[in-house]
Number of protein chains: 2
Amino acid sequence: MREMAGRPGTWSGLSLRVGQFVFAAASVCATASALGFAAYTAFCYLIASMGLQALWSLGLACLDCYALKFKKDLHSAVLVSLFVVGDWVTAILSFAAACSAAGVVVLFDKDIYACKRDHLLPCGKFELATTFAFFLGHVVPHLPL
Amino acid sequence: MREMAGRPGTWSGLSLRVGQFVFAAASVCATASALGFAAYTAFCYLIASMGLQALWSLGLACLDCYALKFKKDLHSAVLVSLFVVGDWVTAILSFAAACSAAGVVVLFDKDIYACKRDHLLPCGKFELATTFAFFLGHVVPHLPL
């Protein structure tokens, strides 16, 4: 079981956590740089959810670094349960945020043509933030929890 | 393992499948009765996803009825794998559809006040369809797959 790729306390686990953190942080930055994002609930929820995901992934990446440096074992029942519950909660919140933001982006772009009519609307940044959130969702299933 | 509530081929499994079907069908009916829903991608996706979920749940409910009537065993490895994969796919599609529809509903209602400004927009029916889709999502985790 300890040989499985992506387990906590391994190099593959650390690289997956870093990948999660990078995509979550990129999504937060893209949303925060979009002028007037706070007027839309879906993007407020996206930034909150991605912020939580970034903190969680950063925390676990630090724990992985500590375990690798001092050769600690992170496979106790309590720790693994904590990782499983935390990963499920953050994954569901992130996926819900990405889907609701995608719904709004498609509405603006294809349904009500708000992006063409209102050039001040930062559609490109909203699309970028949503894309990063979905990339993050692509990393999560590789964690063998 | 056969005693576990909600397993295929049991009365509890059948009741969960009927619950899934009822919520999915209710969501389809609420969306279809909302005038002009086809103009919004999120609600087109919602009706497609809920239609697929309704068909899947109805099919498995029929299979449960058959297994209960003729006392058949549905716990072969192939069948259980099929149920697991099918449930995961429909659950992810339904959750994504519910979240994107919720994003659009909240945008209409709270962010751009489209419901107050345009009285022809069937916001009540959109909200009802999204609520049924989330109720469906509450039934899915009770399936022990």
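Cβ atoms here come from the backbone N, Cα and C positions, even for glycine.
Here TrEMBL flags B:7-135 as domain 'Casparian strip membrane protein'.
Remote same-chain residues near the transmembrane segment (B:21-48) are listed as 54, 57-58, 61, 94, 96-98, 100-101, 103-104, 120-122, 125-126, 128-130, 132-133, 135-136, 139 (criterion: CB distance under 8 Å, separation of at least six residues from the stretch ends). The transmembrane segment annotation in TrEMBL covers B:21-48 (among others).
Taken from TrEMBL, the feature transmembrane segment covers B:88-108 (among others).
Counting same-chain residues at least six beyond the ends of the transmembrane segment (B:88-108), those with a Cβ under 8 angstroms from any Cβ of the stretch are 24, 40, 42-43, 45-46, 48-50, 52-53, 56, 114-115, 121, 123, 126-127, 129-130, 133-134, 136-137, 140, 145. Secondary structure counts, DSSP: the domain 'Casparian strip membrane protein' (B:7-135) has 106 helix, 0 strand, 23 coil.
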